[in-house]
Structure formats: C-alpha cells, structure tokens
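Student: Sharing a structure with you now.
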C-alpha cells in the first residue's frame, strides 16, 4: 500500500502542508475490502447456482432452462425436459401484466422461434407450428390437436398472437408493438388521470424530438462556453453573470407574459383542448418565472456588498484550471466509473432475481426463491450500491482536493508536479483509501434510514393519518439536511487529510474548527461562490429554456410542448451541474486552504503566505477597510472586519 502505519497524532499540532504522508484509517480500508469481497461472493453465488443461465437463456413456468437439458423438479409435471432446440421464452399472454408485483402473469414456454407475424386463430398457430417447427401451445399438446382438443383454449396462447421478436442476449419473445404495455406505463405515471393527457404529452415529445436534441446540444455548448469564461475572465465573471442573469430573468419573464397574452387572444378564436393546455401551461410558467425573478433580485440585493470577495476567489480558481486543465474531465471519469459499477450492480441484481431453489407456487408452476439467511443478500447488495457509489464520489473529492492543495501550497508554481491530478490519485491509492471508505460509510449510514423512510412513506401513501405523514416527512427532511451537512464536512475533512495526511476523525475535527472560527468567511466566500455558480447554472437553463420557448412556440397549434420544455430544462441543468460541480469543489477547497493560510501565517519572515497575489491583495484591502471602519464606524468596515480577523490575529 506504500506504507505500514499511520503517524501519531498529538492533541495540539501545527498544519504542515504536504510535508508528511502516512497511511490513514487502515482498518476501514480492510473493512471495505472485506465488504467488496462479500459483494463478489454474492455475484459468484448467483452464477454458480445457475441464475446467470436462467437470466440469459430464460426459463419456462416448469423450471426448465431454454436451450439445454434440464433436471427433473420433484412434484412438477413437464419439468426435466430436453429443450436443446428450443432457445426462446414465449409468453402465452404477454400483455397480462401484474401491476402490483410488476411481472407478466402468463404461462411461459420454451419455443424454437418467435412468431414473426400476427396469428389470429388456432389454425394459424397450428400452421405456424407445422411450418416452423415451433410449438406455441403447452408441451403436452401436439400441433395436430390444436384445433380439435377442447383444452386448447387454455393451453394455447391468447389470440390474436401479436408479432414478436427475440430480445437481444436475453432470448425472450417480446411483442413488436408494445401498445399492450401502455396500461403498465400509465400506471407508473400516477399524476395522469386521463389517458388522453398521456397520449398528447407523448405525441408532443415525439413531434419535437429534433428540437429537443438540438436544445440539449445547445446546453452542452453553453456549459463549455461558460467554463471557458470562468477560466480566462474570472475577474469580470461575477459582474457578467449578474448582468446576464438580470437580463435573462427579466427577458424570460417578459416573453412568457407576452406569449400568454398573445395565446389568450388567439385561444378565444380557436377552442381546442391543445390550445387550452398550452394557455394554462404558459400562465403557470409566467407566474413561476415572476416569483423566481423577484426572489433572485432580493438575494442579489443582500449579497451585493460581498461580490468583491467572490471575485478574488474565482480569479484564483481560474488559475487552478489553467495549471490543472485535467480537472475539467474529473466528472466524466467519475460518471464512467459509476456507470460501470451500476451496470455490474444491476446485472447481479437480475441474477439474484432468478437465483434460489425451485419451489412450486399456488398455480402449480415453479418459482425460484432463496430461503434461510441467503434471502438477506438483497439487503447486503443494496447497502453495497450506496456505499460503493459514495466511495467513488468521495474518491473524486479526495482527488480534486489533493490536486488543489498541491497547487495552493506550492510557492513556486513552476515546481508543480507534471500531472498534479495523477500525483493526487497516487497519494489517494497509496495512503488515503481508508479515509475515503470511512467518510463514504458515514454518508451511507444516514442515507439508508432516509431511503427506508421514503419507501415506508410511499407504501403508506393514502393510508396513514395526517400526523403520521407529517412526522415521516419531517424525519426525511431532517435526515436529508444531516446528509448534506455531513457531505460538506466530509469534503473539508478530505482537504485536511490531503494537507496533513491525518485520519478521518482528526481531519474532520480540524476542518470543523477552522470552519467555526471562520463562520462569516464561510458565508461571505464559500456561500457566495456557490451562489454565483448557481447563477451560472440558472443562466444556462434560462438561455436553453428561452430558446426552447421560441422554437416550440411554432408548434403550439398541433402539439403540447409542456413536457419537451421540462425535459430540455432538466437536461440543461444536469449538464451545467456536471461542468460546474468541479469548479464549486475547487472553490470550497481553496477557501479552506485560504482560511488555514491566514490563521497560521501573517506575511512576516518565516511565516509567509502561500496564497496567490490576488487573495493577498484582498487581505490587505480588508485590513485597510477594517482600520478605516474602526475610525469612522462605517457599515462597510463592519462588513469586511470578519474577513481579515484571522490574518490580523495571527
């Protein structure tokens, strides 16, 4: 691992950035490795018990795996058959879906081929069997008996048999026309009480799919442009964003009210359901945009005196991205690793769904169920999803923190490592995986109870009384707030670990003390910085939404563009968040480094600042403003006084 033991920690210790590296939280790393071994055991167990074959090849209602010879299941007729030449699972009634258990309630058989055209009568089913050698009726019924045996009505598929095709890699015959699944889809969308509304919404999405794709591409381009602006003109970025957001919010609100007024005039002449829906949607959008604009103006009015603090921090963050350009790609690597893990997790979950021992059900067919302690593997697998996902996200936070800390506490930027990102990854792997495992486990401990309460709230929806519903929502809200606070503290703990190579608890304590001592700095620098990045996300969403309104407005006569606009705005926000989340993380790390620097250094010989010249100018200006405010008692001095107190007291 690159080391043997962690360094001893004293009760009072000075910060020594990048001077010592030692292993941290080794027992938690061993615990995490053991947990991952358990996850691997679940995967191996599900494959060894035949779940992989049942999942990929499929099995019939009698427990036979399609495409191979099978073993007889005691007490089950038609089990133990040789189905080597019957490789596809065929459901006699594929549209009979159990909405409660979310599965197809139909007899399943193994067949040689899926019906590639609609079969309307038993005679067509018989002809298909004689022509293709694929018997679609139960095994005990011969093709010659399809039209003569009275039991054929129950043992043969419900006709007309829809045209179907095998699902790639999973050997299931699925109807080509999925209209029979519309009932299931509509049941999942609980807010739709009238199926015609669902059909109109879906038609609106399908009609506007080219516009939706173009707008999604526009949001990606705008996010990249904003990253370029942040990187090269960070000094004026705050004012640019402020002006653009003001103009964008005012313009978007004005356009919505203008479209609503025009639509109301035209709707009075043409009375159609689509026109009424669009008019109502425009009114809702216009009112929401007006409320949002008013709230935004009030927040910006309160924050106006602290904009200068954000400018200095953003300027340094822009330099970080100039020296560390690979930081921009961190979300993509993290997302790629998460996708790989989630694909593995879902695959194992599907394996678990078909693992276990064959057990006869009430209808005389076979189901595979796990008995004894093995049935709790589901819970272990679920905890693994949360813990490992949080571990991957925490690795990203530690990597970014390590790279930014290296940049900040390197006095001569020419002496930076060739690739600070790879150097940070190397330190993470060699020394700090245990700290990341411990921090992610703490988040998991909070996330699991919240998910359980959310599941209980969903299951009891409409059944519990008002008091119980209120208590459940309050508990869920409190756990959510606790999770966000712990996530923020964890990120700062990772930064402290990257600086001093201390274990998680020590780093969290040190970071918490620094944050408490600089509470007003947190509000003035960190919060304002995050708010300005939020304004950048708002700018991208508003710009994309405004373009969507103008483009989709040309289709208002024959389609509903409520859902397309929502899809576009959500995608734009996700893309902007993906790009700006790393910038937000860099700002948070820089703030903690800045707070530590001003606490333990004062610029005197032997205690020189590590900070950039821009932040040093900010500290000096804060000192001057504080002195002037002390003489004049001005409000501006009182505003800036907390910002320089750490530097002056050192």
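Just so you know, glycine gets a Cβ as well, placed from its N, Cα and C.
A quick note: this is a predicted structure, and the numbers were derived from the prediction, not measured.
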Student: So which range, 186-210, 236-260, 411-435, 436-460, gets flagged transmembrane segment in TrEMBL?
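Tutor: In TrEMBL, the transmembrane segment feature sits at 236-260.
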Student: According to TrEMBL, transmembrane segment applies to one of these ranges: 153-174, 307-328, 461-482, 483-504. Which one is it?
Tutor: 307-328
Student: From the ranges 3-25, 26-48, grab the one TrEMBL calls transmembrane segment.
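Tutor: My reading of TrEMBL: the transmembrane segment range is 26-48.
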Student: Among 211-230, 236-260, 281-301, 307-328, 376-409, which stretch has the highest count of C-beta pairs below 8 Å with the transmembrane segment (26-48)?
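Tutor: It is 376-409 that shares the most Cβ pairs under 8 Å with the transmembrane segment (26-48).
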Student: Is the number of Cβ-Cβ pairs under 8 Å between the transmembrane segment (335-356) and the transmembrane segment (307-328) three or more, considering only pairs separated by 6 or more positions?
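Tutor: They are not in contact.
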Student: State the non-local partners of the transmembrane segment (211-230) in its own chain: residues 6+ outside its ends, Cβ under 8 Å from one of its Cβ atoms.
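Tutor: Tertiary neighbours of the transmembrane segment (211-230) are 205, 237, 240, 314, 317-318, 321, 328, 536, 539-541, 543-544, 547-548, 551-552, 555, 564, 567-568, 571-572, 575-576, 578-580, 583.
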Student: Which stretch from 236-260, 281-301, 376-409 shares the most C-beta pairs under 8 Å with the transmembrane segment (531-552)?
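Tutor: Result: 236-260.
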Student: Quickly jot the same-chain residues contacting the transmembrane segment (236-260) by Cβ under 8 Å, restricted to those at least six beyond its ends, or write none.
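Tutor: Here the qualifying positions are 229-230, 279, 282-283, 285-286, 289-290, 292-293, 296-297, 300, 307, 310-311, 314, 318, 532, 535-536, 538-539, 542-543, 545-546, 549-550, 553.
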